[in-house]
């Protein structure tokens, strides 16, 4: 069901407001809005949350802040105080409602446990915010959870422009989770529908009527029936679960107020809630992953400059070096990769990739490079490309440095890595387990495309590891000194093929016996993380996909002609992967709406 459009006058004001202000015309009478901020143990997300609120393209003189915080065991209160001291005077009104004690609810098992008392207190707070907005004379109130980051600075204008009584901007997450339901049972529980995934994945776009929105939504206080909306106490006839989001959904239904979700635009991100037995560290790790997803998919999150953030302490996480192979002419990839490592507190060192575009056939031969006799791409049948030569030489230079410096073990990343959830923690645990089991290894894939996963065997005593089979990609791997020596000793430049075909030859898992016959010994000891810890940022067919190895010239062609080798299936998304949207995600959804 499509929504009615906003009143023409309001649409015009929302559209012309920024231009009128820039031209020095008196500020247009835009609707007054209350931003309701309810924070508990939100130190990990507050800087980005507040930064997003600061960047909303809406006159602060037409906005009021209603801010409450309670039951904190972190620095949430101090952060909010610091932020309000810096920006509060810019807003039309500020309500500050902190509670320092108690720090816990009596019956809670942990800070993420939702007890009945906690639900009631939250409903009372939201009702206070709603009452303040009405008394202040606001036209709208925006509720936005503190781990919901509105990266689209036009969010308020876009939502108001729909002219709807209750409307939510659809937010993206690390999983299938979002801030709306498409179905609800007569008892007030979540009901699965055929419409949810097409809406969540934006296969259908627009504003759609739904039974519930939560976490972030805009409510009009001038709409018909809006005066009957309430969080607490629940409606006299209320028998549904005692939960603030369900109570409000019932209130909307009882008042005849329609609820919509809009997904025509990318509005921002929301963190997937952790389970009740998990803690703040789990939530922090999840939010870091959300930041990384935003770095890939955009728009990026930007932290407020008005709050003091916990300092980062990057390290090499037990490796002697962390290499990042990156083309100098792809600065966006390089910057994103370094920003991702910084968020995970991993200290990486950029290695300028050998650029295949800059190579000609004579330069390639002067480097001692020659093609492996008979090599053809396994799918397209093409020969080696200059991009693949550059990629191989880039990895080769790292292997040389490992041997020259005697580095015991290193990490190697290409610059198109999408990190899975808790990458650092999972990698650290994996390496600790490998050390504890005294496993002898040369190379461990962290990201790859498995060709025959059903033929791979688990490593006894190491549930997160399998013996690597034939694989594509070299986007992320760990390498030991002994492994680097074996790779160099095989003298691969004299019989080159793509590096992701060379590695399986060296651990004797390549299916082509003719290729393997050129290399001996094939004794590289290779394993792989399972589940994988990294994936490509994009795949062939994605709008943002770009490959400097697949879109390239044949290795001995100096005509400057670029060919996109669409016949290769290496860069396609694996049909075995359970994916959502444009990327694979490692978190399993644990939303509060699965009641």
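These residue numbers are counts, starting from 1, taken along the chain as shown.
Each Cβ is built from the backbone N, Cα and C atoms, and glycine gets one as well.
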Looking at 576-579, 592-595, I want to know which stretch Swiss-Prot calls motif 'Prevents secretion from ER'.
592-595
What does DSSP say about residue 153 (N-linked glycosylation site): helix, strand or coil?
coil
Mean pLDDT across the motif 'Prevents secretion from ER' (592-595), rounded to an integer, is what?
33
Around the Cβ of residue 360 (N-linked glycosylation site), how many other Cβ atoms lie within 10 Å? Please give the count over every shown protein chain.
14
How many other Cβ atoms are found within 10 Å of the Cβ atom of residue 153 (N-linked glycosylation site), counting all protein chains shown?
16
Spatially closest candidate among 75, 153, 237, the listed glycosylation sites, to residue 360 (N-linked glycosylation site) (Cα to Cα):
153
Can you tell which of the glycosylation sites (75, 237) has the fewest other C-beta atoms within 10 angstroms of its C-beta?
237
Roughly how many Å separate the Cα of residue 153 (N-linked glycosylation site) from that of residue 75 (N-linked glycosylation site), to the nearest whole number?
26
